[in-house]
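In what follows, a structure is listed as structure tokens, so that the remarks can point back to it.
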């Protein structure tokens, strides 16, 4: 989830598992921060229990940052493949963990599934070019000294010709993870050889998630990084972004609606027992008429649906006990409050469903390969003789015959 502010009113209600700070690098290696460039720092002895992996592959720092966060989150349910990978790499060194990520097939497939086809072709071309240069360099190293000297001179001249201006250079971004773990907040940068960097200790790490108060520790560090990337000419444009790893909002609101369904069933059983004849006159008529529609969504009916939270059963048991101990006079008002709460939960669920549909549509548009269509379209324009007028800025007339068609031969005059 993208964050637009780091103040408590914008972040604390999300209860994030971790944050990812994305910034524009000064070079292609992503070594703009002084902390990353300083490789002489000794590893923190308190970071031995932190899952951290060095970044060994290009264009994967975002995935690396997410893995560094979720593998340090306590109580998060992982996919079976991720859980097995986590257990297999838990005792490895930081470099070996990065190598394991690079060689992991399902992580590579998940990473490439979000890329555009043009990006994949560009990456393959870059790898082929790199291998070709290495092979040429290897062949040049085995050549005669005279040939090697000529090769060095040619390479120097070629390097001068290939120097890019600042405008021609492609922007390079880097991602850094922040995660609370073991009572402290850690900065996890895959390019830092010294490993995790302690940001500060959490004074109050209580709460059900164990993350309470960690945003107060990381907020000053984030402000310093933002100020660093807003100095000088950078003030004219935003050079950083902030993302948060949060619980699935659809699961959260869906569980809330499912809890209201079960609460409604328990209340109606109590009402049927206490009012054998009828209890419809005890509640609001409008709520009673629309009750069946309130508890249904565009993906599920009003029947009981699936739940996601691990503590859903225990919370339901507590709710059932409170309904059994509830006075009879409070049952109608509790039923009305349940239906009203279900209305708010349904609105939130439908909102998340709409967001998911829009995100899926954007994903399909972004990852669809338009190149075959463009090639076919341009080829058809050329065959019909319409491409050259378009490139020259001329508007072809509908009355003029196509240049691709053969010109009609002039008629011969008859001799008398």
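Note that Cβ sites are derived from N, Cα and C of the backbone, with glycine treated the same way.
Any TrEMBL annotation is an automated prediction that lacks curation.
Looking just at the domain 'UCH catalytic' (1-247), the mean pLDDT is 78. Residues or ranges marked as domain 'UCH catalytic' in TrEMBL: 1-247.
Long-range Cβ proximity for residue 55 (site 'Transition state stabilizer'), meaning a same-chain Cβ under 8 A and a gap of 6 or more residues, is found for 61, 64, 98, 190, 191. As annotated by TrEMBL, site 'Transition state stabilizer' applies to 55.
If you look up TrEMBL, you'll see 61 marked as active site, nucleophile. Its Cβ placed at the centre, residue 61 (active site, nucleophile) has 23 other Cβ atoms within 10 Å.
According to TrEMBL, the compositional bias 'Basic residues' annotation covers 147-163 (among others).
If you look up TrEMBL, you'll see 174 marked as active site, proton donor.
For 189, the entry in TrEMBL reads site 'Important for enzyme activity'.
TrEMBL lists 391-400 with the feature compositional bias 'Polar residues'.
The compositional bias 'Basic residues' annotation in TrEMBL covers 406-416 (among others).
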Over all shown protein chains, what is the count of other CB atoms within 10 A of the CB belonging to residue 189 (site 'Important for enzyme activity')?
27
